[in-house]
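Inspection log for the structure reproduced underneath, given as structure tokens.
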Amino acid sequence: GIFSSRKCKTPSKTFKGICTRDSNCDTSCRYEGYPAGDCKGIRRRCMCSKPC
């Protein structure tokens, strides 16, 4: 991982639809000001990560 500390995850506000590619989600999260993002869970939601 990028961070050695714990990561807090927040659903992306700008990402629409089913998250199939981590790179697309990561781009949306960076646009929102987060350092990273990836697809998570059964429902494939775009989750943005930041150090807690």
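Just so it is clear, glycine is given a Cβ too, placed from its N, Cα and C backbone atoms.
In Swiss-Prot this protein carries:
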type	residues	note
DISULFID	C8-C52	disulfide bond
DISULFID	C19-C39	disulfide bond
DISULFID	C25-C46	disulfide bond
DISULFID	C29-C48	disulfide bond
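Shown here: features listed in Swiss-Prot, placed on the structure.
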residue : record         : Cβ within 10 Å
C8      : disulfide bond : 12
C19     : disulfide bond : 21
C25     : disulfide bond : 23
C29     : disulfide bond : 25
C39     : disulfide bond : 19
C46     : disulfide bond : 26
C48     : disulfide bond : 26
C52     : disulfide bond : 9
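Recorded residues C8 (disulfide bond) and C25 (disulfide bond) have their alpha carbons 16 Å apart, per Cα-Cα distance. If you measure from the Cα atom of C39 (disulfide bond) to that of C46 (disulfide bond), you get 5 Å. The disulfide-bonded residues recorded for this entry are C19, C25, C29, C46, and the Cα of C29 lies nearest to that of C52 (disulfide bond).
Recorded residues C46 (disulfide bond) and C19 (disulfide bond) have their alpha carbons 6 Å apart, per Cα-Cα distance.
Each residue contributes its Cα atom, and for C19 (disulfide bond) and C29 (disulfide bond) these two points are 12 Å apart.
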